[in-house]
Amino acid sequence: MAAIPVNFLTLFYFLALLFSSSHGQLSTNFYATTCPNVSTIVRGAMTRALSSDSRIAASFLRLFFHDCFVNGCDASILLDDTTTFTGEKNAGPNAGTARGYEVVDTIKSQVEASCSGVVSCADILALSTRDGVVLQGGQSWTVPLGRRDARTASQSAANSQLPGPSSTLAQLITSFSNKGFTAAEMTVLSGSHTIGQAGCASFRNRIYNQANIDPAFATTRRANCPSTSGSGDRNLAPLDVQTPIRFENAYFQNLVAQRGLLNSDQVLFNNGSQDALVRTYSQNNARFLADFAAAMVKMGILSPASGTVTEIRRNCRRTN
């Protein structure tokens, strides 16, 4: 399969600028007069956060993806559960593994100090995610702004709509297609696993029971991931064994060498429809980075359903 054309960037920037929904009109200069320093504040906060936690860029990527895939990019994943409200934080794909909430709080506080009640948590998450990728070596993209924050969340949608680490290629293609993405866009977005880590429970079956895995790689991973379920489930391993805190195409090189950590990684290169694209990205870092940036613009304009009640939260963990 051919790689996504680089000129898709122009197309998605155009779509982002014109996109209209319950978010309203998204625009790259949405806060030009109401909060002109928001991008500077967010970039500075992410720079400081990364200096103390090298995983935070990957954590924000995961938060952004898990937010946008469930009823659009509306910061619903940031809402805490209460006695009368069940959010998405404790859904199966998020419970105990989604992280970075405290950094979101810090950034939101700094933004509020500069321009209170203006910038949405959804926009802060979108900007922070982009900045994390760039600070770890990825290509930048223009983030259209003007998202609003949901007053509701859906744990059931998070449980049913987010693809898991054991997903097959067919399941991944269907999951992304349901959100308007092509198989090629699914593959390039999977390249986000060039940074970050995963817990033993998510890759145990792969390293002990699957044949399409480099034996030396499996042996290395087994050293910190016991075969018994419930033992060491949260022991971490890098998703990209080569450069776990550098955003580039080593993830795809790992797949070609059968060193994908998760089943949902290796299925992208396993005599299937995405093999050619994976090989292209493994050999062409610039193409991967450009295509990833384009796909992230498209991810960022996934919107809540028309008519959804939204607001600008003052605290990202709760509604106003």
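Glycine is treated like the rest: Cβ placed from N, Cα and C.
Those TrEMBL annotations? Automatic predictions, nothing curated.
What TrEMBL records for 1-24 is signal peptide.
Under the heading domain 'Plant heme peroxidase family profile', TrEMBL lists 25-320.
Under a cutoff of 8 A between CB atoms, and with a sequence separation of 6+ in the same chain, the neighbours of Cys115 (disulfide bond) are Tyr31, Thr34, Cys35, Asn37, Val38. Annotated disulfide bond per TrEMBL: Cys35-Cys115 (among others), in sequence order.
According to TrEMBL, the feature site 'Transition state stabilizer' maps to Arg62. Counting Cβ atoms from all protein chains shown, Arg62 (site 'Transition state stabilizer') has 21 others lying within 10 Å of its own Cβ.
Residues or ranges marked as active site, proton acceptor in TrEMBL: His66. Around His66 (active site, proton acceptor), a 10 Å sphere centred on its CB holds 21 further CB atoms from the protein chains shown.
Residues or ranges marked as Ca(2+) 1 binding site by TrEMBL: Asp67, Val70, Gly72, Asp74, Ser76, Glu88.
Residues annotated as disulfide bond in TrEMBL: Cys68-Cys73 (among others).
Cys121 (disulfide bond) counts 30 other C-beta atoms within 10 Å of its own C-beta, drawing on all protein chains shown. What TrEMBL records for Cys121-Cys316 (among others) is disulfide bond.
Listed in sequence order, Gln171, Leu172, Ser175, Phe176, Ser264 are the same-chain residues at least 6 apart in sequence whose CB falls under 8 Å from the CB of Pro163 (substrate binding site). The substrate binding site annotation in TrEMBL covers Pro163.
Taking a C-beta cut-off of under 8 Å and a sequence gap of six or more, His193 (heme b binding site) has these contacts in its own chain: Leu239, Asp240, Tyr251, Leu261, Leu262, Asp265. The feature heme b binding site is assigned by TrEMBL to His193.
In sequence order, Thr194, Ala250 constitute the residues six or more apart from Thr243 (Ca(2+) 2 binding site) in its chain with CB-CB distances below 8 Å. Taken from TrEMBL, the feature Ca(2+) 2 binding site applies to Thr194, Asp240, Thr243.
The disulfide bond feature in TrEMBL is assigned to Cys200-Cys225 (among others). The 10 Å shell around the Cβ of Cys225 (disulfide bond) contains 23 further Cβ atoms across the protein chains shown.
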For the recorded positions listed here (Cys35, Val70, Cys73), which one has the lowest count of neighbouring CB atoms within 10 Å of its own CB?
-> Cys35
For the domain 'Plant heme peroxidase family profile' (25-320), would you mind checking the mean pLDDT of the predicted model?
-> 97
Entries of Asp74, Ser76, Glu88, Cys200, Cys316 which, being recorded positions, have CA atoms within 10 angstroms of Cys68 (disulfide bond) | Asp74, Ser76
Cβ-Cβ under 8 Å from Cys200 (disulfide bond), same chain, 6 or more residues apart: which ones?
-> Asn224, Cys225, Pro226, Gly232, Asp233, Arg234, Asn235, Leu236, Ala237
Once Thr194, Asp240, Thr243 are set aside, which residues in the chain still have Cβ within 8 Å of the Cβ centroid of the Ca(2+) 2 site?
-> His193, Ile195, Pro238, Leu239, Val241, Gln242, Pro244, Ile245, Arg246, Phe247, Glu248, Ala250, Tyr251, Asn254
Using an 8 Å cut-off from the Cβ centroid of Asp67, Val70, Gly72, Asp74, Ser76, Glu88, can you name the remaining same-chain residues around the Ca(2+) 1 site, in sequence order?
-> His66, Cys68, Phe69, Asn71, Cys73, Ala75, Ile77, Ala150, Ala153, Ser154, Ala158, Pro304
